[in-house]
Amino acid sequence: MQRIIGTEVEYGISSPSDPTANPILTSTQAVLAYAAAAGIQRAKRTRWDYEVESPLRDARGFDLSRSSGPPPIVDADEVGAANMILTNGARLYVDHAHPEYSAPECTDPMDAVIWDKAGERVMEAAARHVASVPGAAKLQLYKNNVDGKGASYGSHENYLMSRQTPFSAVIAGLTPFMVSRQVVTGSGRVGIGPSGDEPGFQLSQRADYIEVEVGLETTLKRGIINTRDEPHADADKYRRLHVIIGDANLAETSTYLKLGTTSLVLDLIEEGVDLSDLALARPVHAVHVISRDPSLRATVALADGRELTALALQRIYLDRVAKLVDSRDPDPRASHVIETWANVLDLLERDPMECAEILDWPAKLRLLEGFRQRENLTWQAPRLHLVDLQYSDVRLDKGLYNRLVARGSMKRLVTEQQVLDAVENPPTDTRAYFRGECLRRFGADIAAASWDSVIFDLGGDSLVRIPTLEPLRGSKAHVGALLDSVDSAVELVEQLTN
């Protein structure tokens, strides 16, 4: 089981002492405070390389950027001020008025959990550093997807796929899976509808914002399947599946299964396994129906007339994935995902609350029901919306999820030391290692970087771009000895270009 995967999370942000504060400003303060605490001067801060970005290229074969007029002029100084690349290979920046942490590329879902969790520690530290700045208002950051006022912000997943797989097969095979997986991956939400005005509890924070089956947009008319075709790799060989339907998860089992099961279902699709019998009659409607039924008993209509629950759909995918994995050479990583997936589905079938120590939405629902019973509250009570928000607070001593972990009421898959190491260090088995180590060792000599290149400024007449189009190259095994053998960026570039 080896697929390049990673997460990118826009964090909710607020300034309790100044509710009217501009979120772009406060998000910028968070990023800059983290950079300052890391001792990175603005003049030496590595910028993001936008030259290779193509967010309007569509996997269905067209490019909206060609018909939208000349590209906007980006002020590198203005953007770069709140845009940094970390020594762990991640990107920390301001996106749509939110601080965003884009994790480095991983090959294993458990590693992806570690570097995703590292983002929570980065954001917690950023808010703490802002509070230490004289005159700056305190900030609170939340790993969630809704602001309670009708807006949603993203927690996206990325999966590298073979370009040879027709995108139509991706849409057909993945749609029923994405619709049904929220029984495992939902983070839970108080309120129904985009603004949360209707009282109740639902599985997913993202479900009410899904409007179409397939689409390019990520901020409006959001699709179950996103069609952005921006591989950040060799475009002749790869496509990057950009998933926007998912929730921001804190529970490590939720994150692990979100990434691991999706990766294995993509194996099915790439192998050409026929999944057409799982087509849904009304996929967008099914997203909403499943999210709004915490009992997990609601059924959705398939195109062939059958009615199945989300758990039943997940079991069909599980069985087909297990059959594929059994036909291959032994793969302990894939087997562990399958075992965990099967166990979670069994628990959910028996009683969803049996997953309250491992999945987000049951954990949150258990907390909320406790408040409701103790204080005789209805789902309309504002207090419950506050509990919902506090669950996602990234502060280790205040966030309700983190407090559950501290008292042993939430099970972890990884150790805190692994997470803290990942805050500083990149994964060793992808190009993120080369990017992160270059930043650590030669940061002052790097002008810019992106997922697929590192650009050096060695004082000559021109910059030197080192492409990293193969995500599995640039690993420690590939370049570790080279990096250890050179004393300067000049030597490194000479070795690489010669």
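The backbone N, Cα and C atoms fix where each Cβ goes, glycine too.
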Given that Swiss-Prot lists Glu8, His242 as binding Mg(2+) 2, which residue among His96, His98, His156, His288 does it place in the same site?
His156
Among Arg228, Arg239, Arg240 - the residue Swiss-Prot places in the same ATP site as Gly6, Thr7, Glu8, Val9, Glu10, Ser102, Ala103, Asn158:
Arg240
Might you list, by sequence position, any residue in that chain lying six or more from Glu100 (Mg(2+) 1 binding site) with a Cβ less than 8 Å away from its Cβ?
Glu8, Val9, Glu10, Tyr11, Arg91, Leu92, Tyr93, Val94
Tell me the Cα distance separating Gly6 (ATP binding site) from Asp95 (active site, proton acceptor), rounded to the nearest angstrom.
17
In whole Å, how far is His156 (Mg(2+) 2 binding site) from Arg240 (ATP binding site) when you measure between their Cα atoms?
12
Setting Glu8, Tyr93, Glu100 aside, what same-chain residues sit with their Cβ within 8 Å of the center of the Cβ atoms that define the Mg(2+) 1 site, listed in sequence order?
Val9, Glu10, Arg91, Leu92, Val94, Asp95, Pro99, Tyr101, Ser102
Would you identify the secondary structure of His156 (Mg(2+) 2 binding site) according to DSSP, in three states?
strand
The rounded CA-CA distance in Å from Ala103 (ATP binding site) to His242 (Mg(2+) 2 binding site) is 14
